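For reference, TrEMBL has these:
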type    : residues                                                                                                                         : note
BINDING : A:Arg109, A:Lys149, A:Gly154, A:Tyr155, A:Asp156, A:Gly157, A:Lys158, A:Gly159, A:Gln160, A:Glu192, A:His215, A:Asn269, A:Glu270 : ATP binding site
DOMAIN  : A:113-299                                                                                                                        : domain 'ATP-grasp'
Number of protein chains: 2
Amino acid sequence: MPTLPLPPGSTIGILGGGQLGRMLALAAARLGFDVAVLERDADSPAGRVAARTIVAAYDDDAALADLVSVAQVITYEFENVPAASVLKLEAMGAVVAPGPDALSVAQDRVAEKQFLNASGAPTVAFASADSADEAVAAAQEMGAPLLMKTRREGYDGKGQRWVEHVADAAATFEALGGVPVILEAPAEYVRELSIIAARGRDGATAVYPLAENHHEHGVLRRSLAPAQVSAETALQAEKIALRVLDGLNYVGVIGIELFEMKDGQLLVNEIAPRVHNSGHWTQDGCEVDQFEQHIRAVAGWPLGPTAARARVEMLNLLGDEVETWAKLAHEPETRIHLYGKRAAKTGRKMGHVNKVKPL
Amino acid sequence: MPTLPLPPGSTIGILGGGQLGRMLALAAARLGFDVAVLERDADSPAGRVAARTIVAAYDDDAALADLVSVAQVITYEFENVPAASVLKLEAMGAVVAPGPDALSVAQDRVAEKQFLNASGAPTVAFASADSADEAVAAAQEMGAPLLMKTRREGYDGKGQRWVEHVADAAATFEALGGVPVILEAPAEYVRELSIIAARGRDGATAVYPLAENHHEHGVLRRSLAPAQVSAETALQAEKIALRVLDGLNYVGVIGIELFEMKDGQLLVNEIAPRVHNSGHWTQDGCEVDQFEQHIRAVAGWPLGPTAARARVEMLNLLGDEVETWAKLAHEPETRIHLYGKRAAKTGRKMGHVNKVKPL
């Protein structure tokens, strides 16, 4: 077991080589850590700023052993890392954060909603179905329209479809691949909000101000932070965050997506056991951003301050929007964050900008 | 010749793998660039956050050719890179910034002071001496005490000695290695200030607010920024900076060390054609810090804003002071920047902290 708090000069392992891994690696470097990335692609955004890349699949035992031999603490940039890999890393003596509880809850939309409700964090009504017949029965019980999602995998709007009529439930089940699904009642929300929160190894917690999020085709397009919310709403969100963090005995940064209902109630849409796109505004809006905060937490360091020092409009650069960099570079209020991805495929997150204004 | 402004996804080469190279590399990565470091040490602070390290001496022709083959724009982290190497890089078609003019002036303390005075940037009185006899003659002419420095090399107080009595001049010349020297009249300054400035490829310039610097044993210990100076003093410093930048047809960030005299006049102590320790406060005190500014300039991007958004006290962590990291991590106002150096030798710059306060 490593000495905690983890001393600078130690190596932090990151499963995943995308933009979140890259920004985590940059934050870790600032604190004097080395980073080792485990990633299938030898030329990844995170790998190119890390001290080393182990090129392998997440379930490659030899690669996991390699990672444990160099890294004293290991984290991951996204929640679809195999839970079995995390368990193997732990069995080999590595400290992994967030832990397997958070991962198993976040990987199964049914387990996630069950956990949330049991923790006192409300969600929409939902049902699970493992077969077309079960899907039909659930749809009859709940009524249409409803949203059908695969229980596992899927992100940025992938792996989900609307069921407009109860009669379509079986066909939708098959269209989603005939795998176990969750059926969710529609949320008639007025706004999408999110809260980025952190919990240290000592159980201390910290929450950032809320962000207001705007999606397009299931992908985050724009976040405004701090969101203009009432003190009550902010308190409600903080309570939810603390219940989730404590309920999972969580270590690290978590992103919690919320629906704000007409009556002011907040429902949890989903949780992401990692740094989150709607928290990118913290890079230019807070003294300690979500990336450094995550590194601090997993390394057993005390959490840093989370107050906003500026108002930020975060805009994702999707696909060929990244080609506007030269224009963006001329805007004095615009901070540019690009991910070094080689191909600007349609809809792909290539970077983001934070437009910074005084509070 | 590369396309300028240099598009994200291009590679920026950095000569030197220390902390300045590391922080330049982190800033370049944020803007979507890859970084290639040329450095003798295979395990350097900058190399560990760069996409690739070319392990070689700065005068290794094959390594320089390698660097040109991968990097579209090349810069350096310190001014003692051989000017011949920069000329070779340029001859191979690379764009190098800052250019050879800046380097040759910065590498020779006599050429530096001649350039400064010719540009209307005042300095202390000085003389050059290539032999012990010349040193004695110059000392007799100038009177003691005076400061004798090697014309070339030397930084952080190395390569310089006080001559307390004219009779000591010959012995001091020999003690400095019998190499060409500069003799400088003492500056009876009330404060040491510095100004960090930048010039883009289009000739646009930007200056940061001044810093007030405190040295110990020739090494920077502490900077306070923005320094409390009169509008006149700020204007005087800006004028000096612009004269220096334009006089060198400079591209990139420059650090200019100033003596503030009792009558308010500013004398230039020295110029560093690179990012500068007294500009580290900009990381947490400005929207665009000196590292991103340098990358923007050398990549042909427009310069970013330089206004202060906070007051900062920058403290260097020298030698085993870096061991206080765990205590520093508890201070909410303290931003930690560590360099990943393996050995905390006495006096070695291991990191710095920026203590941030409202303006």
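From the backbone N, Cα and C atoms, a Cβ is placed for every residue, glycine too.
Note that the structure is predicted; figures quoted are calculated from it, not measured.
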Inquiry  = Please list, in sequence order, the residues in the chain of A:Gln160 (ATP binding site) that are at least six apart in sequence and whose C-beta is under 8 Å away from its C-beta.
reply    = A:Leu147, A:Met148, A:Lys149, A:Thr150, A:Gly154, A:Leu176, A:Gly218
Ask   = Across the domain 'ATP-grasp' (A:113-299), what does the pLDDT come to on average, as a whole number?
value = 96
Task = For each of the binding-site residues (A:Arg109, A:Lys158, A:His215), count the other CB atoms lying within 10 A of its CB, then report the residue with the highest count.
result = A:Arg109
Inquiry  = Just to be sure I understand the packing, how many Cβ atoms besides its own are within 10 Å of the Cβ of A:Glu270 (ATP binding site)?
reply    = 18
Ask   = What is the Cβ neighbour count of A:Gly154 (ATP binding site) at a 10 Å cut-off, with all protein chains included?
value = 15
